[in-house]
Amino acid sequence: MTAIDAGPAVAGRARTRKGRQLAPLWMLLPAAAVLVPLFVYPIYQLGLLSVLDFRQAQVSGGQPTRFVGLDNYAELMSAPKFWSVLWATVLFAAGCVVVTLAVGAALAVLLTKVSRWAGYALSLAAMAAWAAPAMTGSTVWMFLFDTNLGLVNRVLGWEGHNWTYQRFSAFALVGAVVVWHSFPFVMVTLYAGIKALPEQVLEAAQLDGAGPWRSFWSVTVPMLRPVIAIVVIQSIIWDFKIFTQIYVMTNGGGIAGQNLTLNVYAYQQAFASSEYGLGSAIGVVMMLILLAVTLVYLRMLRRSGEPL
Amino acid sequence: MSRRLFPNAVALIVALVVAFPIYWMVLSALKPAGEIQSASPVPWTLHPTLSSFQRVLQVNDFGRYFINSLIVALAVVALSGLVAFLAAVALTRFRFRFRTTLLVLFLIAQMVPIEALTIPLFFLVRDLGALNTLFSLILVHFAFTLPLAVWMLRGFVAAIPDEIEEAAQLDGASRWQILWRILFPLVAPGLAATSVFSFITAWNDFLFARTFIISATENQTLPMALLVFFKPDENDWGGIMAASVLMTVPVLIFFLLVQRRLVSGLAGAVKD
């Protein structure tokens, strides 16, 4: 009886094992079917376009597409405009990241010290700012800082003052909106991290005579390192890619392009000047910078020993 | 109590400052035109009116853009939730070669500056003949929201004990039944969290709407349609604020509803 039964049972088990091996494949298939043509292929295309002479004439088919090697990159590197935009992007992103982290961290600590109702009020306000779309955040702040009808100018008595006229104040205004949108993520994440810390450790530090300042820097911060790493990397990635706020608030990159960042610059080169090859080269530069940031992040993840 | 007086006061002031732009937006949307133009603006209004909303909805056909945005966002939420669920189960419930590689690729994909892909995607959509359609927007956001959705859902799937599946299997449930009747309802809270992110990404998109919807203005979505109120001579701030309120409210509601899950989903996504 056992001998007769063994056949189908073994065959059945073999079939399930095979099914078990194939199952993840078809479950991943839909994702692959979307990501390969709409993610992987465009990345390849971006690289390809960046080494082509590709302008309006090539788009319409009037002229053949020509391989130009690294000419687009050489043209970029030799243009002072590119370097000034690159610097502006890095400084703008760095400024936004630093202020976002400082504000978010300070408020996360503040949240641990307030009464329930005050914490609730602050969280609610932060959630509203967090949820507000980039577009509407931009329009509201533009209205607040409007030259003639803006509340800020009215209160300050600066009627007629245009905040986007100067390079620095335009960047500062956009930066303020970016920080307003992104500090809640930092605040909420860090607050959750602080709350998850074992209380005994902080009590022990207190018993050992550490003041609040000392125990914050010597106990809380080191223990929060993984969470801090996440908010830092996320902020860098987000702030480096800001598009909507800059585009809308400075009307496409500011007067004479003084408020361009790499993102907006690539867009303008491609779609306003029909320099698709050049725009793609800028895109590749951006991609490489963010890839470097991502690799640093992955190394930190690996080092912290989290299993994938 | 007195020890908390100072922190409480600071928190309250910060909350007021942070919430002020939102308050000003709603207030300005409700103010009559005369008060918006007034030389001494006050932070309240005694004559609230819906005339700005009326103008926006009737004259500028904002309802249509609202529906367009809603179609795109909901389609993206449904598609990316479904496909991400399958991928997340595959990546957590099975051990196979390249599993870790795939996971890392999903993580890297989240960092890719999608803005840089506007140029190749524009040509791709043009070659598909999909320029000027809502379909083009659904397609790109489907792809862009997928990596984060997979990454976030993974944590929720992993949290479901294996025993539940094993028990179902012993009871004779097929793999298909286990997937849809057992796992799917159990990760529903996780799907709620990921869907907020997908919804917001699609709802907020300005860049791709600007690039793909060139001439068919009737297929425009909210962020681009908002720009209509910006005029070279004088901006219609009442209209802009009313339109901004209409655009913000759905996200705000969605966000507050799933706020708790959102934070836990994020924590799960960033933790492992």
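Quick reminder: no glycine exception, Cβ is built from N, Cα and C everywhere.
What TrEMBL lists as transmembrane segment is B:62-90 (among others).
The annotation domain 'ABC transmembrane type-1' is assigned in TrEMBL to B:66-258.
Taken from TrEMBL, the feature transmembrane segment applies to B:102-123 (among others).
If you look up TrEMBL, you'll see B:135-157 (among others) marked as transmembrane segment.
Proximity of distant same-chain residues to the transmembrane segment (B:178-200), defined by a Cβ-Cβ separation under 8 Å and at least 6 residues beyond the stretch ends, is recorded for 73-74, 76-77, 80-81, 84-86, 88-89, 141, 145, 148-149, 152-153, 155-157, 160, 164-165, 168-169, 251, 254-255, 258, 261-262, 264-266, 268. Summarising the annotation, TrEMBL assigns transmembrane segment to B:178-200 (among others).
Look at TrEMBL and you will find B:237-258 (among others) tagged as transmembrane segment. Long-range contacts of the transmembrane segment (B:237-258) within its own chain (CB-CB distance under 8 A, at least 6 residues past either end) are made by residues 22, 25-26, 28-29, 31, 33, 36, 51-53, 55-56, 60, 62, 66, 69-70, 192-193, 195-196, 199-200, 203-204, 222-223, 225-226, 229-230.
Listed by sequence, the residues of this chain that lie at least six past the ends of the transmembrane segment (B:135-157) yet keep a Cβ under 8 A from its Cβ atoms are 71-72, 75-76, 79-81, 83-85, 87-89, 91-93, 103, 106-107, 109-110, 114, 121, 125, 128, 183, 187, 189-191, 193-194, 197-198, 201-202, 205, 208-209, 212-213, 221, 265-266, 268-269, 271-272.
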